[in-house]
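Some features that TrEMBL has for this protein:
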- 85-266: domain 'Tr-type G' (DOMAIN)
- 94-101, 159-163, 213-216: GTP binding site (BINDING)
Amino acid sequence: MAMASAMDLSPPTFFLSGTSTSSSSPSLRRLSSISVSGFRRHSYRKLQILCQATAGTEPQSGLSVSGSKLAARSGQDRLLKVSISNIRNFSIIAHIDHGKSTLADKLLQVTGTVQNRDMKEQFLDNMDLERERGITIKLQAARMRYVYEDTPYCLNLIDTPGHVDFSYEVSRSLAACEGALLVVDASQGVEAQTLANVYLALENNLEIIPVLNKIDLPGAEPEKVLREIEEVIGLDCSKAIFCSAKEGIGITEILDAIVQRIPAPLDTAGNPLRALIFDSYYDPYRGVIVYFRVIDGKVKKGDRIFFMASGKDYFADEVGVLSPNQIQVDELYAGEVGYIAASVRSVADARVGDTITHYSRKAESSLPGYEEATPMVFCGLFPVDADQFPDLRDALEKLQLNDAALKFEPETSSAMGFGFRCGFLGLLHMEIVQERLEREYNLNLITTAPSVVYRVNSVNGDTTLCSNPSRLPDPGQRKSVEEPYVKIELLTPKDYIGALMELAQERRGEFKEMKYIAENRASILYELPLAEMVGDFFDQLKSRTKGYASMEYSVIGYRESDLIKLDILINAEMVEPLSTIVHRDKAYSVGRALTQKLKELIPRQMFKVPIQACIGSKVIASEALSAIRKDVLAKCYGGDISRKKKLLKKQAAGKKRMKAIGRVDVPQEAFMAVLKLEREVL
């Protein structure tokens, strides 16, 4: 902490290349005014750090030149061992787009873990998909070394996703930590996922450090957001940290707070080995690579390890830390986070949540692991080329290793052949899995319309779960159908309350409560069917509120609804892949949209083709594809009318026979277009 000790207590002045604040950038002038009004409680230290961040810094760095050299040297020593009391395991949690990844980048840079020449934005987001969309999909771990008051500390950071669909990643990260940085955008305030992540952290008894990010923005209102955090979440914000990850302001204070306020792991290095697997992935050359947190004991390279859930044992060929790339070490002990490569070839042998122990000195009991993720949205995944079915199965198994929330089971379809029925946590999760399968495993896939799991009560007293419309029992056999309901909380500026209430009412929502969490921000609570939310609900939410609203939902159970199965008949033959389960009130509009779309997509035949939407035997919407008609009268250039009638009668008889034995092939493009339409209208 040479930088901190060099500070004096004289009132700060702002300089940038010899100029005062009056002639510097607008953001610095903004910061100086914020500093006077909002930072008083933090004394002069915060302002002095601000001066250091603006005077004599390297480009895009929050440290002085001498400070960055010191950090670089410290970063190179990050593999050196420290005592267990000097280890800090923490996670970064926040709503999507509040600056988690930017803050993680700056922490890596300031501690010298990543050199300036190697630095790039979203450094820990190593998937192309994450960079393209600007979101974090996978949790990532990184080991840093930080010197505080001449004492070296080992900081293990786990960066987490912010979207509600990846909350399972967040919960697994928090189970491997003792503390968390709660990052809140100073211009946006508390949002839905902020609350959800705080509650997850509190369930794990973590020390939470509030951090207000993006204080350099012109629209930042740090004092107002602090009050919001205290009122809505109930956290004590007297020691909240003001920072700007982009400008490098307040980074040193965050690192100091991690050391001071987050507790060290328990010293249990002498106990039998117990390590919790929090993530894993498949490497084609080294097999399954396991990421774990050592809870008790030690593990060395060459040890014979035992996976307690699967009952398999292997030799640890490679033990190392993530800093953020994989770096081999000889030993890891209690409190440390690292990885093991043990030539595990079967993806089922090393599952997330399993406990690793020594083969010769087994632990008495395994760690609690994780609560199993419950899929909310289901869809069918089918390969375009039927020969790719084995490849799709292998790809799903390997992807499930890396994404523990993914569930799948085999399925067959008369139209699309062999495939899998897959369960996801949400629509974004579904999109990401499909993209990863296509990119990482070179597969061409067809995705059916998303659906949810319905509970069917039969007349004989049996209860079955049904996620596929083709498996729904006949109307005479079922007593009632129940669908999952969710409790959804919408956080929105007061100007958009009406638009959101209208949206929720359209989706069969039941209004429960509305309260103002701040002067101009409201929280609206609704209960609505999950099936109404898996379509374009989130897109509509964002478009109707110009992107300002956010949402958080949780499943509250099943309720009986007036649900029916809508069948599509083409030339009096049922097309099972196009069947859907819909509410009776929406059946007509959905049936009309599907029949009209199919009329456009199916090629014309030599006979008339009726396209019908039916509930049981009742037709509720119908379109007809007119026949391609040959002009049989072209050779008649006159003569008696009876000759023409005879030719037309012969043609009609042929068409009638053709219709009786003819078969309409629905092209693949039509299926894909209709499935896309189903997502829009359901």
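Every residue gets a Cβ built from N, Cα and C, even glycine.
Taking the Cβ of T160 (GTP binding site) as centre and 10 Å as the limit, one finds 27 other Cβ atoms among all the protein chains shown. In this view, D97 (GTP binding site) is surrounded by 17 other Cβ atoms within 10 Å of its Cβ, with every protein chain counted. If you average pLDDT over the domain 'Tr-type G' (85-266) in this model, you get 79.
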